[in-house]
Amino acid sequence: MKDMQVRMPRPGARTRRRLMAKTLAVASVASLLSSTAYAQSVDVSQWSPEYIRSIAGTEEFDTAGHCADVVPLDYEGNLTYWWTGPTEASPQIEHEINDEFWAAWEETYPNIETDAQNVDYNQLLDRLRTTLLGNAAPMVVRLQILGGVEFASKGYFQPLAPEDIGYPTEDFWPGAMKSVTWDGETYGIPTNNETMAFIWNADIFERAGLDPEEPPATWDEVVEYSKQIHDELGISGYGLVARQNAGNTPFRFMPTLWAYGGGALDEAEDSPSYSDVYINNEGSKAALQAAYDMYVRDRSVPTSALTNTQNENQAPFIAGQLAMMIAHPSEYAKMVDLAGQATGADKEVADSVVENMRYGLIPEGPERRAVVFGGSNMHFIEEEYVDGEFDEMAAKAFACFWNSPEWSTKLAWTGSNPGNLAGFKTEWMKERLDTIKFLDVTTSMLPSGVPFPVIPEATEIMNIIVPDMLQNALTERMTVDEAAEDAAAKVDSLVGGGL
Amino acid sequence: MSIATGRAASPLSARSAKKPNVFSRMAAHRTDYLYVLPALIVMMVVIAYPIYYTIELSFYRTPPNLQLRDKVWAGFDNYTAVLSSSVFHEVTLNTVIWTVASTFFSFVLGLGAALSLHREFIGRGLFRALLMIPYVVSAVAASYVWKWLYHSDFGVIGALAVQLGFTSEPINFLDNRQTVLSSLIVVNIWREFSFAMVMMMAGLQTVPEQLLRAAQVDGATPWNRFWHVTFPHLKGVSMVTVLLLMVANFNSIIIPFIMTGGGPADASHIWITHIYQLAFGRQQWGAAAAYAVILFIVMMALGYFYVKALTRGDEARQE
């Protein structure tokens, strides 16, 4: 990344350059779309671990060559970008790939000065809101899948479709495209799509008298297994997470809610209207009851669940003090990292946990098997809210590069799946499948993915109201019924425009 | 000259000559005003405008699908909604408990520490330095450390309690509605008492040694010497210390925000954390602004007493 302060553009040069660049871009995108090189790459209807393996490594892509058609490689400009990148909790390989990406970007577009900020997952939304109010936002931002619609509905985002950066919309999951669509307009590019899976420690299962190779098939069984593990071994069974205003909570609780037939609104239905409140239906109450049973009745989950994010579950899991939880595909790589850092007796325990770590599908409920269709999307901010001028060509070059089949795959290495489905056909996908244990399990969960409601109120519902409901029930401030009704009243009021 | 002499003869004229009106006084001091003008302009921009904007915003609704500039006029609805909300009442009670308990115990501990350290003894300097550590440690870092000390499953304090046989299982400090607020108050007192200690140590320097000796010669007990000699001399500094602590506690956010985020189930929300959640978590900017205005009024009232306490000596001298 270069120092943005160095270059001073000549008066008028920027305008001429932008005009020329726009013309070039329109012509090149039109030519790209008329070709078949990037027509729909993957047949989603055939989705299965076998299909994914069969297509991996079957095509080669030239990222620089493709992006050169969108924005010339010698383009001079500048870019500001915010995203949530690797953190201390991320496996080492993600840090390495991140470094590799920025080096490749600088090499491919050496004349685009880039100021990129890696912002904490739980702070990015708040920080963006604040800077938008002060017209000091970055040009490009990558947000969690839940975050975009709020800003699109307020007019902060520019219309942006995959075609604008040379990729067909068909090469992205329909659910992901839905998450970047507001009022019939597309406002972003899905960068990665993730569905989590269920991990467990086979050794703990065995010591607790459970089948070590069989995860709980239903959420009712999760409650039973959690209790049995706690009663037999005195450790936590299931890694419940219920912290407020932390994305981890809805990502881990909503699958249960949907599995029992509940929801915040009707987002789990085939054709959701986002106007019917489901959070107090029988399914939602049953899911809440399951959480209550584990936390209050059986005390079989961490007591600190109310203040924990998922990161705080990693330490007890690697220490063999937690038996099972919903987790990213990257959790395995993280555990391997943690085991590598452990010493003495801790190392022995950590190595044993890694050896006994298993991945399976997230349990089913009476209605369905469900998982949050997660991931992130890239957006362009409207020029008037950007700190400085918006450099459209630099933004497009960057979006093209980041969302290429190559980098879409590499940047999702351990934690996710490429947003650009063409990534599934690359050699890097094959390498991932060959080297990352359990990757096919998490990828198999994609068809069970349910996107969060695509309404501006979704962030508050998922990050505040749902965790509030959980906390109200788990602290016994309210009964399960009261907590559900209270949440329903809040959702109703919010969607109806009240406080 | 004759006119001036005539006015000087009249008692009314004499009064008006003594107290010219505001504008003539401003005109007489125009150079002074010129000197403070830059500071006044800065204050208008960074203090007065935000206050004005917050008050204005408090009369608008800010739905999640609208930008702030498209806000909707709501009159006093935000104030009504905030004041009638049950959460507001709970949060207000928390705020009062948080502020009063933190201030009281910080002051008492700080005073006790100052009195102890006022005497000469070996290692006094070391103790002073040690007791200052909580105040100089970053509040953010301290909050994270305490969060782990208190951790409900793997916290050191809980583990010690079990090992020493005080409890059979780790104490649930932060994930329990009944214990969370007091646990946070303990951390806050730990952070703040050194500030009170420094203030009171400064105050103790002003107590005349002769008076204390005279009282001792007269046979006054240590308690009587403290109550009748030392404490009256500390009244001014005590008042200022208590008011500063109260203002700081009303406004504090770091410890509850980092350690619990106001949870579980709102049990550790105080006004500032709740305002933050309303504004940034829920984007209810209008309601958050109304909330902030209410807090502003409370703070202004405290500020009034603070200024009164600070200027009491000056007024006495003028009289």
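Positions of Cβ are set from backbone N, Cα and C atoms, glycine also.
Worth saying up front: this structure is predicted, and the values here are computed from it rather than measured.
Feature annotations, reproduced from TrEMBL:
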- B:92-306: domain 'ABC transmembrane type-1' (DOMAIN)
- B:33-55: transmembrane segment (TRANSMEM)
- B:96-117: transmembrane segment (TRANSMEM)
- B:129-146: transmembrane segment (TRANSMEM)
- B:180-204: transmembrane segment (TRANSMEM)
- B:237-259: transmembrane segment (TRANSMEM)
- B:288-307: transmembrane segment (TRANSMEM)
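Most Cβ pairs under 8 Å to the transmembrane segment (B:96-117), among the stretches B:33-55, B:237-259, B:288-307, belong to B:237-259. With pairs at least 6 apart in sequence, the transmembrane segment (B:237-259) and the transmembrane segment (B:33-55) have fewer than 3 Cβ pairs within the 8 Å limit; the two do not touch. Counting same-chain residues at least six beyond the ends of the transmembrane segment (B:288-307), those with a Cβ under 8 angstroms from any Cβ of the stretch are 51, 54-55, 57-58, 78-79, 81-83, 88, 240, 243-244, 246-247, 250-251, 271-272, 274-276, 278-279. Taking Cβ pairs closer than 8 Å, the transmembrane segment (B:180-204) reaches residues 94, 97-98, 101-102, 105-107, 109-111, 113-115, 117-118, 131-135, 137, 139, 142-143, 146, 150, 173-174, 230, 233-234, 236-238, 240-241, 244-245, 248-249, 252, 255-256, 259-260, 263-264, 267-268 in its own chain, all 6 or more past its ends. For the transmembrane segment (B:237-259), the residues of the chain that approach it from at least six positions outside its boundaries are 95, 98-99, 102-103, 106-107, 110-111, 139-140, 142-144, 146-147, 150, 174, 184, 187-188, 191-192, 195-196, 199-200, 202-203, 206, 231, 268-273, 276, 295, 298-299, 302-303, 305-306, 309-310, judged by C-beta separation under 8 angstroms.
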